């Protein structure tokens, strides 16, 4: 049929596996967590069929995976149709569950099925996790994919514009585009009889509401093969996905005379790594080359020219306006750090010229949402760097925990901008990097024998690493086939103290199962733990 996948191992993974892995964090610090899809749990099939009723998909269209994916990508989010999940990216989750607290799709789908009202709240991996459950439940092979450094290009011109002011700082009022640390979407496997031969196979579908398509917030199905080759004329929404993985970042600055001067073009930052869970294991499988040719290759050029021919707007930069800075290189490294500790940022210059230079250097540290949107600047630091001829030099800037802890967001995510002006030549160097703090994890243990139909005991432990008391903490624990989601509230966890929660359950299905836990409170989110357990036959 239209969704036939001819490899038994892949069918077991992409249709039958009821748990998966979400890769998050950022390109320099890849993190992973488990997600329970639970497509075989009680009432989930009914909930998924209800979604097709909700989307008013006619019965004759319910054998067509293209139509199913198209309507589902709209109904997974609540924008414009009161769909399953309401998105919230602003760190306030009153009257709802914080996106980071969910451990799987089952609670969300069942709550929606009974209340018929959007479930609060989700962010990209939640939309993608629920979408994956829906697809696998209906027998459409599906996988969750993460694109690191994902472009959200507001005017679809294949470039993200970062505007700098006179001092080389980013002008937040003018800069509308953003780079997401990562973005999750899904791929569904199907034939595409509506397209020329060769564009069947994996298709991008995305339930996260970013832009409208045919008047609704939805995206896909877009053929991965068509995106790779630049054939963005084929439906649906290929130009948007092409931009997410292929845009350039352009830094420009308005000179005193009003002319825009381009300071730097970064062609490698976006779509650096695209990954999914490996078949039959919990490891990461890189699929970047399914989406794009080798950076800088002849084929890549050709794919870009094809995309431009099919109407993707690509602004060309006259060479007179852009002379890259060649005699001084700048880079910076952010020290790996655990939440609650101090760390340093090291800025390095290499002066390739025979001249003696001074560089007025400015570091801006921002707390950001994982979507790359700034909440606030917590660190401003400028200094004058003396650059000796033909030699490297390094400068350290210390970031204290007291400077960032009060404003920290969900994903403990920072974004650093470093800009430097070479005083002697007037040239500007600019660079940006995201970094994520190490967040402590939960420990899950089991006691006694684990046999289907017999009571067993599960313990979740957590030690508070912060110098403050955590308040109103919620723990969640679930495992398809072992236990339905359990929740427990704790009023307080003092600094450095350990919490222990014991749960009794009776596993239903034998085999290798996974327990997944999350901890959530206003001061600390994205705390997870997981454990593989082998349930014996009775």
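Even glycines carry a Cβ here, placed using N, Cα and C.
The active site annotation in TrEMBL covers 124 (among others). Non-local neighbourhood of residue 124 (active site): 180, 182, 183, 184, 185, 208, each in the same chain, at least six residues away, with C-beta under 8 Å from its C-beta.
Within 10 Å of the C-beta of residue 183 (active site) we count 28 further C-beta atoms, all protein chains included. Sequence annotations record features per position, and here TrEMBL assigns active site to 183 (among others).
Shown in sequence order, 73, 127, 128, 185, 186, 218, 219, 220, 241 are the residues of the chain, 6+ apart in sequence, with a C-beta less than 8 angstroms from the C-beta of residue 206 (active site). Annotation source TrEMBL lists active site at 206 (among others).
There are 24 other CB atoms within 10 A of the CB of residue 246 (Ca(2+) binding site), with all protein chains counted. What TrEMBL lists as Ca(2+) binding site is 246, 248, 295, 300.
What TrEMBL records for 116-209 is domain 'Transglutaminase-like'.
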Of 248, 295, 300 (the binding-site residues), the residue whose Cβ has the fewest other Cβ atoms within 10 Å: 295
Environment of 246, 248, 295, 300, the listed Ca(2+) site - residues of the same chain whose CB lies within 8 A of the CB centroid: 267, 268, 270, 271, 292, 296, 304
Within the predicted model, mean pLDDT of the domain 'Transglutaminase-like' (116-209): 91
